[in-house]
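Visitor: Sharing a structure, written as structure tokens. Questions coming.
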Amino acid sequence: MIRDKSQIQLKQLKLKVKAEVGQCILGKYFIYTHYFSFGAVNLFNSSGPPVVTYKAPEPRGEHFFAESFDKGTLDGWVVSQAKKDDIDEEIAKYDGKWEVEEMKDTKLPGDKGLVLKSRAKHHAISALLLRPFTFDTKPLIVQYEVNFQNGIDCGGAYVKLLSQSPDLSLAQFVDKTPYTIMFGPDKCGEDYKLHFIFRHKNPKTGEYEEKHAKKPESDLRTYYTDKKTHLYTLVLNPDNSFEILVDQTVVNSGSLLSDMTPSVNPPAEIEDPDDHKPEDWDERPKIQDPDAVKPDDWDEDAPAKIPDEDAVKPDGWLDDEPEYIADPDAIKPEDWDEDMDGEWEAPQVPNPACESAPGCGKWERPMIDNPNYKGKWKPPMIDNPNYQGVWKPRKIPNPDFFEDLHPFRMTPVSAVGLELWSMSSDIFFDNFFITYDRNTAELWADEGWGLKKAAEGAAEPGLMNQMISAAEEKPWLWVVYVLTVALPLVLIIVFCCTGKVCVYVQVPSPGNRQTQTRPSDFQTEKRDSSLLTVLELI
């Protein structure tokens with residue numbers, strides 16, 4: 001009786017263990033499939049984007065310029081009334097329109113910016129800094145935002161830091177107005193640029209020359225085509241190093257001394273312009289061997305190709321049949337004028353009699369390479385005993401040489417301006433900021449561009465829609481999706497239906513007659529479970 005009761009308890013415990021294992025596996029499998037089927041859908045297609053509330057950024061810390069345009073006016077800005085020199089009167093005027101308004105598809109109601117409104121017009125607008133920036137012991141940080149709302153075909157969105165001068169008139173701001181730095185995006189056709197140019201003063205002559213930073217190695221295309229707001233930042237340091245950032249990521253960096261074109265400092269030596277190559281200078285590394293003689297058996301007249309004497313005319317060759325004949329079905333056009341067009345002749349067509357024959361017309365032996373062909377004889381080349389190398393003019397001291405080890409010490413700037421021509425309208429500018437403190441600049445960026453980034457990200461389509469859109473542009477992505485999604489599901493089904501794994505569970509020993517079980521009373525049993533394979537995969 002006791003044995004029967006023990007066996008019943010053992011059976012009940014086994015069933016309980018099996019049920020709990022099954023529930024665990026099925027539960028995890030359900031959670032996994034439920035998340036994949038429903039949770040991911042909720043993630044991809046949420047009912048509505050979270051709302052990002054806009055608050056105008058407030059400048060903190062030391063700064064020389066801060067403009068968010070959220071007052072809705074152009075107070076402090078001066079629209080140029082000037083005309084460009086030496087061009088037609090109709091296009092010389094800076095008559096492009098500027099407005100302060102929200103973006104057309106704004107994700108942040110209340111966030112305003114400066115918008116270039118006109119196509120194919122010259123635009124110029126500028127504003128004074130709170131105080132001039134002098135390049136001495138502190139870095140310069142310039143940042144602002146740009147959004148190409150309509151894309152960009154040909155035009156720029158760069159800023160100019162105008163040089164401090166008693167002659168500076170913002171109302172007469174033109175392309176020739178002296179500037180110290182030009183920085184920002186520019187595009188025409190498939191040429192995507194991110195300018196950093198500074199005007200360097202020659203310490204010997206006092207003349208200025210533009211120095212251009214090397215081209216970024218990273219691909220800039222998406223910044224011009226995605227219609228998102230991007231943050232452009234230039235950092236110049238007193239040690240002559242520079243960094244260019246887009247969306248707070250460095251896309252270009254270098255030194256004013258080594259990474260600008262043309263170089264800040266000219267070479268110490270130059271080639272002597274008055275030095276000329278001697279007439280007897282021999283630059284030939286190889287010459288024909290003057291002692292070589294053409295072999296007696298060299299036949300220069302032997303042809304490169306000769307008839308194949310071993311060839312035999314195929315049986316059935318129709319010597320008397322032409323390969324082409326006049327089209328018997330052709331009819332002379334009614335408007336054919338033999339006086340004007342000449343005698344009419346039917347067009348030629350393949351001879352149908354030749355279709356079943358190996359060939360028609362006069363048979364000729366095929367041509368093969370001539371084994372005796374040598375071509376025109378030339379003496380072999382040997383090292384030139386008189387070779388003197390490639391001649392170069394001698395070096396002389398550069399009369400224009402100077403050495404400026406501190407190009408960071410540029411001409412002070414007192415205003416910021418936009419002087420642009422564009423074939424695209426509605427270019428949105430916002431949140432201009434100039435400072436020497438990086439933390440202050442980052443705070444301004446977080447409160448301005450950071451909010452835009454969050455709002456634009458929240459309003460983006462779900463991940464599933466983005467994946468579908470990407471696959472429409474690049475169809476090969478469908479293969480990737482199948483391999484990463486469908487294949488694992490197939491493997492799960494296969495393992496669930498056919499796979500077996502060993503499961504070890506502890507059950508009471510059948511020989512134990514006690515009604516109370518203890519840890520020492522358990523033994524290990526082996527069980528097969530295909531569902532556990534799913535658990536292994538999960």
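Placement of Cβ uses the backbone N, Cα and C atoms for every residue, glycine included.
According to TrEMBL, the protein has these features:
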{"type": "COMPBIAS", "residues": "274-313", "note": "compositional bias 'Basic and acidic residues'"}
{"type": "DISULFID", "residues": "C154-C188", "note": "disulfide bond"}
{"type": "REGION", "residues": "255-321", "note": "region 'Disordered'"}
{"type": "REGION", "residues": "339-362", "note": "region 'Disordered'"}
{"type": "TRANSMEM", "residues": "476-497", "note": "transmembrane segment"}
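Buried or exposed, and what's around them? Tell me for each listed feature.
Guide: Secondary structure from DSSP puts C154 (disulfide bond) in a beta strand.
Residue counts for the region 'Disordered' (255-321) by DSSP state, with H, G and I taken as helix and E and B as strand, are 0 helix, 13 strand, 54 coil.
Secondary structure of the region 'Disordered' (339-362), assigned with DSSP and counted as helix (H, G, I), strand (E, B) and coil, comes to 6 helix, 4 strand, 14 coil.
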Visitor: Which sequence positions outside the compositional bias 'Basic and acidic residues' (274-313), separated from its termini by at least 6 residues, show Cβ-Cβ distances below 8 Å to it?
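Guide: For the compositional bias 'Basic and acidic residues' (274-313), the far contacts come to 363-370, 372-384, 386-391, 393-394.
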Visitor: State the count of C-beta atoms found within 10 angstroms of the C-beta of C188 (disulfide bond), not counting that atom itself.
Guide: 14
Visitor: Among all the protein chains here, how many other CB atoms are within 10 A of the CB of C154 (disulfide bond)?
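Guide: Summing over all protein chains shown, C154 (disulfide bond) has 14 other Cβ atoms within 10 Å.
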